[in-house]
Amino acid sequence: MNPVRKKRLIIVLAIVVGVGAAVGLALSALQQNINLFYTPTQIANGEAPTDTRIRAGGLVEKGSLQRSEDSLNVRFVVTDGAKEVTIAYHGILPDLFREGQGIVALGKLGGDGVLVADEVLAKHDENYMPPEVTKALKDSGQLKHYENGKAAGETSYNQEGK
């Protein structure tokens, strides 16, 4: 093989290896940032993976909010109308978090079926509900019940009355 051809081959191989490494790193980064959404029904049926970061959403069950008196630990139940999942969270809940409202929690599902959340997202005004939660409620037939309660002027408050 002549020197010019050998040099071109080395350059082409270096480019292929570089592009392959870049694609591999990009795919690895994207895979780590994927958070799949699961409804309480899917979680209760065992469809959600354990020890993997997931998103779970639904309506906060009325009367389910339990706050620790000596720490920022909070437990509450989220439902899609059919099944429920308990969520444990350590931190300050969003100002718009209320029982009976739609939320999305990000965290890892433990073997006991409790989602240990590291982030809780609440709807940002009275007319907004996360798209995943809306779809889950629509699929379970609970969206009409939720909308009827809002139309009748029903409001829900957390334990602090906010």
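Here the Cβ of each residue, glycine as well, is placed from N, Cα and C on the backbone.
According to Swiss-Prot, the protein carries these features:
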{"type": "TOPO_DOM", "residues": "1-8", "note": "topological domain 'Cytoplasmic'"}
{"type": "TRANSMEM", "residues": "9-29", "note": "transmembrane segment"}
{"type": "TOPO_DOM", "residues": "30-162", "note": "topological domain 'Periplasmic'"}
{"type": "BINDING", "residues": "His124, Tyr128", "note": "heme binding site"}
{"type": "REGION", "residues": "139-162", "note": "region 'Disordered'"}
{"type": "COMPBIAS", "residues": "139-148", "note": "compositional bias 'Basic and acidic residues'"}
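Counting same-chain residues at least six beyond the ends of the topological domain 'Cytoplasmic' (1-8), none has a Cβ under 8 angstroms from any Cβ of the stretch. Helix, strand and coil content of the topological domain 'Cytoplasmic' (1-8), in residues and according to DSSP, is 6 helix, 0 strand, 2 coil.
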